[in-house]
């Protein structure tokens, strides 16, 4: 099977090479979006693609654990 590898396009909110904030923002935007619109809402999937591309897998696991334990450091309410 063929895989298409893509990375996230430029986001003017994060002009620097350090993409830590971009990773975190896309992660929170995804969960805010699905809380507001549901998991099947197609535009939410762009946030998920972005954070999966930008964030190290260890960070995503840590964020997921924090969300499940109610200790995530940001509001995920829409």
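Cβ atoms are placed via backbone N, Cα and C, with glycine included.
What TrEMBL says about this one:
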type     : residues : note
DISULFID : 23-55    : disulfide bond
DISULFID : 33-44    : disulfide bond
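Note: the Cα of residue 33 (disulfide bond) and the Cα of residue 55 (disulfide bond) are spaced 18 Å from each other. Separation of the C-alpha atoms of residue 23 (disulfide bond) and residue 44 (disulfide bond): 15 Å, rounded to the nearest whole number. Within 10 Å of the C-beta atom of residue 23 (disulfide bond) sit 22 other C-beta atoms, taking all shown protein chains into account. Separating the Cα atoms of residue 55 (disulfide bond) and residue 44 (disulfide bond) is a whole-number distance of 17 Å.
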